[in-house]
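Notes to accompany the following structure.
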Amino acid sequence: MATPEGAASEPELVSIPATPHGLSTPEGAASEPELVSIPATPHGLSTPEGAASEPELVSIPATPHGLSTPEGAATPTTGGDGGGGGRSSKGGGGTPGRRVVDGLRGYLEEVGHLTRLDPRDAWLPVTESRGGNARYAAFHSLNAGLGFQALLLPLAFPGLGWSWGVISLTIAYFWQLYTLWILVKLHEAVPGRRYNRYVELAQAAFGEKLGMWLALFPTIYLSAGTATALILVGGETMKLFFQIVCGPLCSPSPITTVEWYLVFTSLAVILSQLPNLNSIAGLSLIGGATAIMYCTMSWVLSVSQPRPATVSYDPVKSASFGTSLFSTLNALGIVAFAFRGHNLALEIQATMLSTFKHPAHVPMWRGTKVAYLLIAMCLFPVAVGGYWAYGNMMPPGGMLAALYAFHSHDTPRGLLAMTCLLVVLNCLSSFQIYSMPVFDSFEAYYTGRTNRPCSPWVRSGFRVFYGFLSLFISVALPFLSSLAGLLGGLTLPVTFAYPCFMWIHVKKPKRFSFSWYLNWGLGLLGTAFSLAFSLGGVWSIVSNGMKFKFFKPPN
């Protein structure tokens with residue numbers, strides 16, 4: 001390797017691949033990575049007399065282009081024994097330059113993704129703990145994706161009929177499962193960046209301002225609006241549970257509906273003091289388990305009892321084509337409202353560590369598949385069994401109201417009371433996971449202004465304020481839980497449309513390819529359905545003569 005006497009003064013360069021062996025350059029990254037020069041001549045060997053004074057150089061990338069060193073990880077050095085240099089080679093043979101590359105490859109495999117992390121993420125509830133796994137992902141996804149809205153599904157079948165009801169439910173299920181897979185894949189679509197929140201991914205795909213406007217309202221409703229609806233459903237179910245347990249001794253109930261709302265909110269606020277998303281994994285397990293139990297009990301009890309004598313499955317006759325159309329759209333909006341939880345997928349995945357050997361999308365998708373298999377085993381029997389049992393006589397409150405209205409005398413009070421108690425426990429658990437993004441936003445604003453983490457008192461104050469603000473809204477808008485069709489249409493893009501457009505903007509599939517056609521088609525169809533379902537929901541409100549009684553909850 002020595003330079004012969006009288007040779008040219010320019011050093012000979014040895015070329016090695018710019019990208020470490022086994023690692024491909026990220027899509028869209030610049031082709032020329034940052035280079036570090038190290039001596040090719042092994043340390044300790046002198047250059048022969050008369051040779052050029054400059055050492056022979058080997059060029060290797062200091063860090064793969066587009067990736068940064070993870071927070072807390074040591075930066076690989078370029079000489080001697082630093083950061084996986086020549087002496088840390090796995091094979092122990094080859095040229096010194098080759099050993100440096102092999103050592104760097106080993107470093108990347110052991111350390112994992114070189115992701116640029118915001119230090120303030122360690123202060124926020126969503127990203128404070130990175131101890132998530134596939135089990136936690138299954139618990140959170142099940143708790144977020146299955147809840148009281150499943151009990152409203154039989155209300156969609158009178159407007160759709162048997163065939164179209166089952167077809168619509170099946171298409172919606174697989175459509176939302178596909179868009180959920182998209183979100184899981186897009187969480188780390190850009191090397192060096194993790195999109196830990198839905199709004200962050202929307203801004204990366206659509207631009208800073210447009211992404212904020214498109215995603216902010218539906219995600220706010222799905223978090224804060226769902227929490228308000230949970231107070232309405234949970235408080236009214238607690239009142240129903242009390243009436244079933246006490247029977248005629250407690251009629252009329254000595255506690256008003258607003259007071260039951262207050263009791264539910266107080267319990268939810270106490271549970272909300274758990275610090276971060278991983279810390280409520282146990283609550284999510286309870287929420288998912290109770291949802292499975294009350295969904296199963298509701299349809300089993302309904303199917304096992306004699307059907308009402310006047311039950312009918314004939315399609316609802318409408319006076320005009322327009323009325324029939326809007327009735328169908330409102331029914332489809334109820335189906336869309338049953339599939340929620342997409343606004344939490346990125347947050348759930350953010351609780352996991354991610355490395356090259358163990359990327360976060362693998363356990364996330366594994367847990368999600370289990371959760372949505374269980375969700376399918378609940379949604380389809382509730383929808384089909386509930387419609388079979390009650391047909392067009394299904395009350396506006398869904399399965400729980402039907403059980404109490406038709407079978408309060410021929411079903412043991414213990415079973416009815418147990419069903420109500422399970423609904424209450426599920427609502428308390430769901431309140432926590434849907435409120436966590438709102439807590440995260442409060443604390444992100446605070447840490448951004450003060451550049452320090454929230455103290456326990458500040459964090460507790462935010463959560464108490466949010467809980468009782470939701471209580472105020474639930475008392476002011478007691479009809480909110482009756483707007484399932486309209487709200488399903490307004491929030492539908494988060495589940496069915498936006499993920500498809502995000503895939504196109506971030507992944508940039510080849511124009512006119514199958515992926516390009518599929519995502520453009522589903523995205524545009526989802527947007528059109530959102531507008532149509534919203535109109536159907538408005539029509540349903542007008543045709544049914546719903547009166548918006550502000551600050552007048554039921555007694």
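Cβ atoms here come from the backbone N, Cα and C positions, even for glycine.
As recorded in TrEMBL, the features of this protein are as follows:
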- 79-96: compositional bias 'Gly residues' (COMPBIAS)
- 131-541: domain 'Amino acid transporter transmembrane' (DOMAIN)
- 1-99: region 'Disordered' (REGION)
- 162-184: transmembrane segment (TRANSMEM)
- 210-233: transmembrane segment (TRANSMEM)
- 253-271: transmembrane segment (TRANSMEM)
- 283-301: transmembrane segment (TRANSMEM)
- 321-339: transmembrane segment (TRANSMEM)
- 370-390: transmembrane segment (TRANSMEM)
- 415-439: transmembrane segment (TRANSMEM)
- 460-480: transmembrane segment (TRANSMEM)
- 486-504: transmembrane segment (TRANSMEM)
- 516-542: transmembrane segment (TRANSMEM)
* **Distal contacts, the transmembrane segment (516-542) - CB-CB under 8 A, six or more residues away** => 175, 178-179, 323, 325-333, 336, 483-490, 492-493, 495-498, 500-501, 503-504, 509-510
* With a Cβ cut-off under 8 Å, give me the same-chain residues at least six positions beyond the ends of the transmembrane segment (210-233) that come close to it. => 147-148, 198-199, 202-204, 261, 264-265, 268, 340, 343, 423, 427, 430-431, 434-435, 437-438, 466, 470-471, 473-474, 477-478, 480-481, 487, 490-491, 493-494, 498
* Structure fact -> Listed stretches 283-301, 321-339, 460-480, 486-504 vs the transmembrane segment (370-390), most Cβ pairs under 8 Å: range 283-301
* Count the Cβ pairs between the transmembrane segment (460-480) and the transmembrane segment (253-271) that lie under 8 angstroms and are 6 or more residues apart in sequence, then report whether there are at least 3. => yes
* Test the contact criterion for the transmembrane segment (253-271) and the transmembrane segment (486-504): 3 or more CB pairs under 8 Å, pairs 6 or more apart in sequence, then answer yes or no. => no
